[in-house]
């Protein structure tokens, strides 16, 4: 299929085999060099580059960067010494016979030439310019690679799922507004004035209904929508690989998901060793100060609460004290530690206590003098530090202190260059609590109900077997059958066993403070469906943009989305969103007044 | 992967090999029969049925239709004479040892048992009830088959496209409102109050930008949206297999599309002979009175304008007269022809002239006496009728008369049982006009510009090579490089070579009555992109729901969509669309008043 009306070969299909033959290629002028009255054009197409040699000055004169041309010519070996070993076509060149300019190009707002690709990324203009001229930005080989990788990822995931007999089913995106944690995008329904559709935050309820509908194994690469306030690296629309299984346990879903993960990673050229390890949520918090621990490196948090239980130091007289070792930190100057204080305060902490082990049992740093002699004595061994290391401490409520230490741990690793983008540390996080307090400061989801408890995952998550009978008596400690898959400190997917019994669902909704009438209004259809033989079911969803970003090793999910939105949900290229004319507004029905109808 | 926490085998995996072994199966109680104190349960899962035999009355007592159960038991051969040849598992049964009820079911609003599936479809309740309890409707084997077929279709199309080196790219669905023929669904942009996104009617402009971006071969199974007034068999959201190629001609796209079509049909068990035939748009209108001719049968329209050029019959003194033979129609009673008159008037025609050839050269019917002797004499031969046939005539403007005859032709075939759903007549329709009059009565699209011409396909369609220089001088006759693929009288796809040059695009927009400023506002970003080296490109899109419907042989696209909307865009299951609380409305920003800000 490389042959078309415009070419006989793709650029990189022109090999030494074609020497002496005429070929026709088509693509963009990637670069032009002139040398002794002869023009050398790097012609670029989707496969790469091939060199065109033009002896005829008339032919060469009009050609500029990013002109689209069709070239017919004879293939020859490059003259001795002119080979380019970096190029697939580096041993040949095409001597132009005829050249057709298919389209011209104005001067470019920024350069997209392949030749610049390996130079410093800071040659690129700001992201707003890149997004305004996204069609140019996409021509850059690194964007081409990334978007193609994403396509391969999707193909690999589908192949793995098809092999396991999953059925791909499309679910609607004009649905009823249901509470799932964030704000819905809404669409006025012109034909039912005063009524609105919502765009789905996920196909959660619909995939559960597909299970009630007997499909047993469903998947979909689904577009999802969340109308959130702008945050770096969030998009108003995003993609999810959404999977659900009936007659399946948590282990069944995890085993299935591991097959999918292995297939995706393989498509990107990496091998994943199965099974993927598991860590409990509590362990992840205790050891890594995060529910999405980065396991590319060790340096676990050390709990020191017991160690300091009789401490004279007021700051450490706290419900929790923990420490993280800063390898080699003892030799750093004071101002670096001051900078760490600023870093901690920017994260909302009061500061970051530390001591330095300079060697020979000596302790330095402002904390040292506040400790008892015994504490000073045993400290280095207790935290597991070597001479020359420093240690950071956090003291206070357990959860927030651990989160701070978790961030310290990652920041140290970042500065030490341990966060390698082509190294992948995957882990399951399991044994999550069923509920969390609604006032969790680390969470900007809208609370679903009107209670002090909200769902850790979502309201349809099954309590774990030993909590089914009593989760509502002790919501604080109730556990759920849910699981996240984490890679390099990012949550790339998560799921749970779902509630398939109306009685359990009713009790969960009650804990969340959702009354029977409200539940009926919001998702009565799901509760109704559960009356007619709902199978036990469980599932998982992967954040597809995030997975692509991690596998492509790029800095932002915007780099794995062909046409992303910039901050505030705007598209600098098309100008969306935009005002609409009054006639169009009138047609939407948003100004419909039911009283005026009477 | 059939093993899970709840089963060792799928129902139909239990074969004679398992005789004497214990198995565990899980699924729904499809049917229960009691016979001599023994209960026989047909257990249904996604693969089919298996028979469970329960000797223990205690165990059997609670089990009712659509209960979800897990059964462990020993497999044995069915007793002599009890084999069921219709069932994959018809030679074995499972003698229940333990039974767990996983979920109960209330009495069903309608029966979904497999046993009823082959009985008359009219056992089904009305569609509103089916949609309200869609999760039950989906359990019916025919719905399961249909949705699974659709999944296979998508997999086959993707495999064919991947093989041809296409890249799957997701395009955004929160875009700028652009005119593409129908009304946009709109989404208020909370973060930019007073501004709106639109949901895409197709990824048309975005895929063209991907071509400018150098991807060369793109596809996507894309959700599309049109806010149209209710029409039978239309959905507010629908799916399109969307494809675009750079450096490709019309023939290149058609050859590629044929590979996709062959792959899809093969997935459904049918073979398509390639290449698929082509008919020009004018021929299709002349011979079949339709731009989407049903070629499962012949019976072409015969043009009689010349034949009647000197006719004394006033009705036939028209710019066009055409005829369609009604095989065997001579013997039908008068009242049947009266019914045809009603049928024609319902379609907006004045009536339907006819004559009957009763044999022996005799002409009957009201028209006969109005014709000259010579006209009567030669008529049977001229229209190609046999003794015993009738002929319908239409006279008047060419286009509307042909459309009427085209409908007559199909209606005759329908009554003769020639519209077999498992026979597929595919054809390309090519050589379309570039423009059509805005007042075309057969078209409810919104005209894009403010002229008497609107686009036959869309404003981005390339004029054919010999019209590029003069299409704007003679819009009525200008032709385009566009093509539709038609199956059994339905348009299942269509596409065109696109304009890739700003100068041509400007001239087309001028014919459509779109001024420079308006063009700039509406799709200035596309015109801007064309300035930077846009490759020649062409593409096609398939109506995925329609293709699925045709391949599944079902009566409505709602039967190939898991959760379709009913008339008026409503979902009887969830109640969408629905009113929203005032707080939610306030947040959307639709009531934002820019003056109040000051």
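Note: Cβ is positioned from N, Cα and C throughout, glycine not excepted.
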**Asked** TrEMBL records B:226, B:227, B:228, B:491, B:543, B:544, B:545, B:546 as ATP-binding residues. Which of B:235, B:505 is assigned to the same site?
**Response** B:235
**Request:** Enter the number of other CB atoms within 10 angstroms of the CB of residue B:498 (L-aspartate binding site).
**Result:** 25
**Message:** For a quick check of understanding: given the listed ATP-binding residues B:226, B:227, B:228, B:235, B:491, B:543, B:544, B:545, B:546, what is the maximum Cα-Cα distance in angstrom, as an integer?
**Reply:** 20
**Message:** Could you check which of the binding-site residues B:228, B:498, B:546 is the closest Cα neighbour of residue B:81 (site 'Important for tRNA non-discrimination')?
**Reply:** B:546
**Fill in**
Here the recorded positions are B:35, B:228, B:491, B:544, B:546, and the Cα closest to that of residue B:457 (L-aspartate binding site) is found at B:491
**Prompt:** Any idea what the Cα distance is from residue B:546 (ATP binding site) over to residue B:498 (L-aspartate binding site), rounded to a whole Å?
**Reply:** 24
**Request:** Taking Cα atoms as reference points, rank the recorded positions B:35, B:228, B:491 by distance from residue B:498 (L-aspartate binding site) and give the first.
**Result:** B:491
**Prompt:** Of these binding-site residues, B:544, B:546, which scores lowest on Cβ atoms within 10 Å?
**Reply:** B:546
**Asked** If one measures from the C-alpha of residue B:544 (ATP binding site) to the C-alpha of residue B:226 (L-aspartate binding site), what distance in angstrom results, rounded to a whole number?
**Response** 15
**Prompt:** Reported as an integer number of Å, what is the Cα distance between residue B:35 (site 'Important for tRNA non-discrimination') and residue B:491 (ATP binding site)?
**Reply:** 53
